[in-house]
Amino acid sequence: SQYSAVDTNPLSVYIMQPIWNKIIKIVPLWIAPNLLTFSGFVMILVNYFLISFYDWDYTASGTSPGLVPTWVWLFSAFTTFCAYALDSIDGKHARRTQSSTPLGELFDHGLDSWATSIFVLSFFSVCSRDNGKTGVSVYTMYIYLSIVLFNFMCSHWEKYNTGVLFLPWGYDISQVVLIAAYLLTGALGVEVWQKPFLFGYYITDALVILLIGFSLFLSFPQTLYNIHRAHLKKTLKNESLYEGLLPLVSPLLLFVLLTVWVVLSPSNILAKQPRLFLWMVGVAFSNIICKVIICQMSSTRPERFHWFLFPLALVVYAAISGLLGWTEEAVLAVLTALVTAAHVHFGVCVGRQLSKHLNIYIFSLKKRVQE
């Protein structure tokens, strides 16, 4: 299917697009667009692992400010900007080199679905965990991450039904806010997040309120409105309600299972291993959304239940019934490793199949020789 996306965000249209149009001129024409996409993703990963090294349990900023060196926050601002730039120019570069392919679209959106959670998990290190005085609780982190992923899911669910990707306004705003937050932290130290900023509220409170407001009152209603409009115009891809709602079944079940585990865990797993747990949430979500993106691109039906849900349901049942006992953390670590390996394996296989099918290389503009 022909790729179509609509971007109406003034920040993007009037400020960022002119910047990207300047940057794109520097990119040599022999570079494959997927290489830009992948480089941006690698930068996000490097940044995430760097922050994890200094702040594994999200307490560094709250307990002893200065545990994370200033250069790390400045590096975060730099990598976030680069990733944002690369993600914004890869499509332009593909059109410039006349190498737009379904593989590129899947590669871009598939990596975005994973990067979305990693951005959020890196940012949590800035505001730190609740230590009684400042910071956000691990439950707030979990809800915050879920809302961001819900937003991402909505825009692709909408595309599944309308065939058009309406780029969410939140994306550009969130990237600019992230970069500003890292620069602010680098310049003033993490203390800036720990002093009330207005009427006894902290900056983090304001960001959480903004995020929830954006999602519930802007993104979600807009998604429903766009689907409704397509229905009136008779341009909906799926006429039956069941078909239209099918892609939401697995992500919602995933959320229910994870929430049950968070709330009923005997060892309070989220508080014990927030980084592992939230990483696992992001990866599992990304894999489910990737399958929806593939269905939407190939006009096929998504499966009702994603296979991750079965092992996850078993683990959650074993955990909350007390069967796992003291091994709960170890089981979470194994599950996280398996889910991550499965997701990477899935990405590599799909990439290879598509590159063979379309007769192109993933990271090079040279044509493959027909075998």
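Glycine residues also receive a Cβ, built from the backbone N, Cα and C atoms like all the rest.
Feature annotations, reproduced from TrEMBL:
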| type | residues | note |
| --- | --- | --- |
| TRANSMEM | 26-50 | transmembrane segment |
| TRANSMEM | 70-86 | transmembrane segment |
| TRANSMEM | 136-154 | transmembrane segment |
| TRANSMEM | 199-220 | transmembrane segment |
| TRANSMEM | 241-264 | transmembrane segment |
| TRANSMEM | 276-294 | transmembrane segment |
| TRANSMEM | 306-324 | transmembrane segment |
| TRANSMEM | 330-350 | transmembrane segment |
Mind checking which residues reach the transmembrane segment (330-350)? Cβ under 8 Å, same chain, six or more beyond either end.
106, 110, 114, 269, 273, 276-277, 279-280, 283-284, 286-287, 290, 294, 308, 311-312, 315, 318-319, 324
Grab the same-chain neighbours of the transmembrane segment (70-86) for me: Cβ-Cβ under 8 Å, and only residues 6 or more beyond its ends, written as numbers and ranges.
19-20, 23, 36-37, 39-41, 43-44, 46-47, 50-51, 54, 115, 119, 122, 126, 175, 178-179, 182-183, 185-186, 189
